[in-house]
């Protein structure tokens with residue numbers, strides 16, 4: 001009895017090891033910050049294409065015709081550095097988001113995967129991978145949503161100078177919305193975000209870990225193979241969850257506005273479908289696929305940084 005109780009206590013300590021948890025935060029956060037900065041211009045193009053129909057700054061005749069049109073007009077109309085508008089907020093938001101996703105993903109995995117044999121219980125093992133990814137994404141979203149909201153609003157602010165800008169920065173955006181709409185204004189679109197993030201993270205983490213777990217030697221997987229797997233996973237996950245992302249960002253655009261275009265999430269889905277058609281749900285999706293390269297780099301860099309920090313990569317990536 002004493003041996004069993006000591007084993008349970010030691011397993012609990014291992015489950016909440018602060019050193020391992022901190023290393024997870026560092027590895028995921030650094031990888032995320034680097035990749036997001038690299039693809040920031042594409043990120044902004046994607047946001048503008050998604051929400052321009054709901055933006056009061058962009059008149060119908062001035063809307064972007066597509067990704068290339070947007071890429072050309074941004075520096076011409078707003079200046080070259082505006083490609084990175086909202087990037088600082090994105091890095092600040094993305095560091096804890098991705099770090100918490102990865103850190104909690106491994107902790108949730110230890111909870112879900114306990115006693116599961118990959119060889120004998122493959123589908124249970126696969127579902128556990130999906131559940132750990134979805135739970136990690138939903139948990140982190142609850143914490144950082146106001147930063148995600150502010151990043152979106154800053155990224156789609158198309159004014160050229162301070163006098164034409166809706167917000168002057170991250171702090172100004174949060175304060176203005178909180179003052180006009182209260183805390184709930186910073187969580188506009190939160191419900192559909194949770195739905196989308198669970199779909200995205202479940203496939204993003206679950207599929208990546210599952211595919212890597214099927215490889216003969218997960219720890220010795222070549223960089224190129226890991227990158228290709230990650231690229232396919234991020235692309236498929238992004239397309240699958242993209243309509244949810246479009247709706248949530250349209251909902252975000254309503255905070256601080258007296259005249260609201262949508263009554264709620266369902267109304268937003270219906271109005272986009274009726275007035276703009278199915279393609280509207282996927283505006284900016286190609287930009288999102290290109291942006292997904294950054295997400296693929298995050299997954300691969302995360303494993304490499306964990307190796308550098310002497311964290312057991314096999315336990316987190318293979319699902320063993």
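Glycine is treated like the rest: Cβ placed from N, Cα and C.
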According to Swiss-Prot, which listed range is transmembrane segment: 171-191, 192-212?
192-212
Among the residue ranges 267-284, 285-302, I'd like the one that Swiss-Prot describes as transmembrane segment.
285-302
Have a look at 242-247, 248-253, 254-259, 260-265 and point to the one annotated region 'Important for transport activity' in Swiss-Prot.
248-253
How far apart, in angstrom, are the most distant Cα atoms among the ADP-binding residues 93, 105, 248?
24
In the structure shown, which of the binding-site residues 93, 105, 248 has the fewest other Cβ atoms within 10 Å?
93
Which bits of the chain, at least 6 residues beyond where the topological domain 'Mitochondrial matrix' (245-284) starts or stops, bring a Cβ under 8 A of a Cβ in it?
45-51, 53-56, 67, 149, 152-153, 156, 176-177, 180-181, 185-186, 188-193, 196, 239
Counting by DSSP, what is the helix, strand and coil composition of the repeat 'Solcar 3' (221-308)?
71 helix, 0 strand, 17 coil
Restricting to the same chain and to residues at least six past its boundaries, which positions have a Cβ under 8 Å from a Cβ of the topological domain 'Mitochondrial matrix' (51-87)?
36-37, 40-41, 43-45, 151-152, 154-160, 166, 249-250, 252-254, 257, 261, 276, 280, 284, 286-287
